[in-house]
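Undergrad: The following feature annotations were taken from Swiss-Prot:
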type: ACT_SITE; residues: SER179; note: active site
type: ACT_SITE; residues: ASP383; note: active site
type: ACT_SITE; residues: HIS440; note: active site
type: DISULFID; residues: CYS87-CYS346; note: disulfide bond
type: DISULFID; residues: CYS247-CYS264; note: disulfide bond
type: DISULFID; residues: CYS289-CYS314; note: disulfide bond
type: CARBOHYD; residues: ASN138; note: N-linked glycosylation site
type: CARBOHYD; residues: ASN259; note: N-linked glycosylation site
type: CARBOHYD; residues: ASN335; note: N-linked glycosylation site
type: CARBOHYD; residues: ASN351; note: N-linked glycosylation site
type: CARBOHYD; residues: ASN465; note: N-linked glycosylation site
type: SIGNAL; residues: 1-26; note: signal peptide
Amino acid sequence: MASVSWRAVAVAMVVVLLSLQWFAKGYPEEDLVVRLPGQPTVGFKQYAGYVDVDVKAGRSLFYYYVEAVKQPDSKPLTLWLNGGPGCSSIGGGAFTELGPFYPTGDGRGLRVNSMSWNKASHLLFVESPAGVGWSYSNKSSDYNTGDKSTANDMLVFLLRWFEKFPKLKSRDLFLTGESYAGHYIPQLADAILSYNSHSSGFKFNIKGVAIGNPLLKLDRDSPATYEFFWSHGMISDELKLTITSQCDFDDYTFASPHNVSTACNEAISETENIITEYVNNYDVLLDVCYPSIVQQELRLKKMATKMSMGVDVCMTYERRFYFNLPEVQKALHANRTHLPYSWSMCSGVLNYSDIDGNIDMLPILKRIILNKTPIWIFSGDQDSVVPFGGSRTLVRELAQDLNFKTTVPYGAWFHKSQVGGWAIEYGKLLTFATVRGAAHMVPYAQPSRALHLFSSFVSGRRLPNNTHSSTDE
């Protein structure tokens, strides 16, 4: 009996010690993803689950977090948000672009993404706002939302997420995303900096903002699309001249109807009829199937044109099929409320404010930079939805407003002895870079160049202006 009692006590002590050791690591055991169905063996940990952002309303956001492949005790933390608005960062960023896995062709397994950004950083993906993916609210009125409430919920999310992961509170934090995240990320960064200025306790260790092909200012981004079409030989001189002379983009808004002339709307409609029937707007060189994330950009384009467009969904099925497998949802601790609809790349219940798409992000970006937070804007050069020309112009205007001098002149940057794109730096805090051969979803179209750009960003390195080999692989 004594021997049995001793063994029982010993076992109990081991359990307690293991529990203490686990929680000392600062990670929530209940959110650990032991293994995803069909997942290859990897050496890093994954976590997924919910964070309540409004307990009274029953509003919760779903997240997926992956540790860095190497040196997890010293790597920074990077948040990634996809756009839409209303599209999933898990179906998009995590499992189509920059996360550690891609679904296989049959939609039942996973394969390793050798260019995953968790080579350089811990990665956090959030389905935001509520109504996207597995994020939800018990109040249907919460699905009528916009930029301000989305930023507020994300601030609350991060504060409570760090309570789950206290070990990461002091890590360098980078905020990244693409497309309509050109609205999400700046407003979240602004909210974080405001929180830091008023907090006498915990402060976010925010170190930088990077956004790909971002919607920043509609009256610059919209005309850039038609300039891109014309410069690539996709529309005629006559149509380009009509748009230039008849469309006052300073008065162009997302809300329908556009506050523009009939001649302008007719010219835009003619352009869309020509382009969308034959060309993938998100990669004008691509004529094959495209990933599920294209749905998020379709939303952005529809908001601007109010036109019906066809989408090649051949790769959408893989993601949708995989994430609707019961065993996958169980492994991810997802869909805990048994939502009355299946998981989809973009929300069918969200009613996001069209008007918020008109908000000028440049004043917010200026405030972020005045807080000494670096900003990188990067653009795939084959994207016509938010073309690099508009983004480059906006970055230059922002630099002029800040009275920044050019600290690195415009020129090529290199990766693996090839031109990776072109870049310019202003005031040592503001960088614009193109990614050669990339499209709207830069990490998907050019994964190696995207990883090199990202690694440079989080490491505080400038993009190399010579053919020396990259240091991130």
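Indices start at 1 and increase along the chain as displayed.
Glycine is no exception: its Cβ is also placed from the backbone N, Cα and C atoms.
Could you place the listed features in the three-dimensional structure?
TA: According to DSSP, SER179 (active site) sits in a coil region rather than a helix or strand. Neighbour density for SER179 (active site): within 10 A of its CB lie 30 other CB atoms from the protein chains shown.
Note on ASP383 (active site): other Cβ atoms within 10 Å of its Cβ, all shown chains, come to 29.
All protein chains shown were included, and the count of other CB atoms within 10 Å of the CB of CYS346 (disulfide bond) stands at 25.
Of all the Cβ atoms in the protein chains shown, 21 others lie within 10 Å of the Cβ of CYS247 (disulfide bond).
Sequence-distant neighbours of ASN138 (N-linked glycosylation site) (same chain, 6+ apart, CB under 8 A from its CB) are ALA57, GLY58, ARG59. Classification of ASN138 (N-linked glycosylation site) by DSSP places it in coil, neither helical nor stranded.
DSSP classifies ASN335 (N-linked glycosylation site) as coil under the three-state reduction. Every protein chain considered, the tally of other Cβ atoms within 10 Å of the Cβ of ASN335 (N-linked glycosylation site) stands at 19.
For ASN351 (N-linked glycosylation site), the count of additional Cβ atoms within 10 Å of its Cβ stands at 14 [all protein chains shown].
Around the Cβ of ASN465 (N-linked glycosylation site), 13 further Cβ atoms fall within 10 Å across all displayed protein chains.
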Undergrad: A 10 Å Cβ contact count, applied to the disulfide-bonded residues CYS87, CYS264: which residue has the minimum?
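TA: Ranked by other Cβ atoms within 10 Å, the disulfide-bonded residues CYS87, CYS264 bottom out at CYS264.
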Undergrad: Which recorded positions from the set SER179, CYS247, CYS346, ASP383 come within 10 angstroms of HIS440 (active site), judged by C-alpha positions?
TA: SER179, ASP383
Undergrad: Reduce the DSSP letter at CYS346 (disulfide bond) to three states and note it down.
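TA: Strand, per DSSP.
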Undergrad: Could you measure between CYS87 (disulfide bond) and ASN351 (N-linked glycosylation site) for me? Cα positions, answer in whole angstrom.
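TA: Here the two Cα atoms are 12 Å apart.
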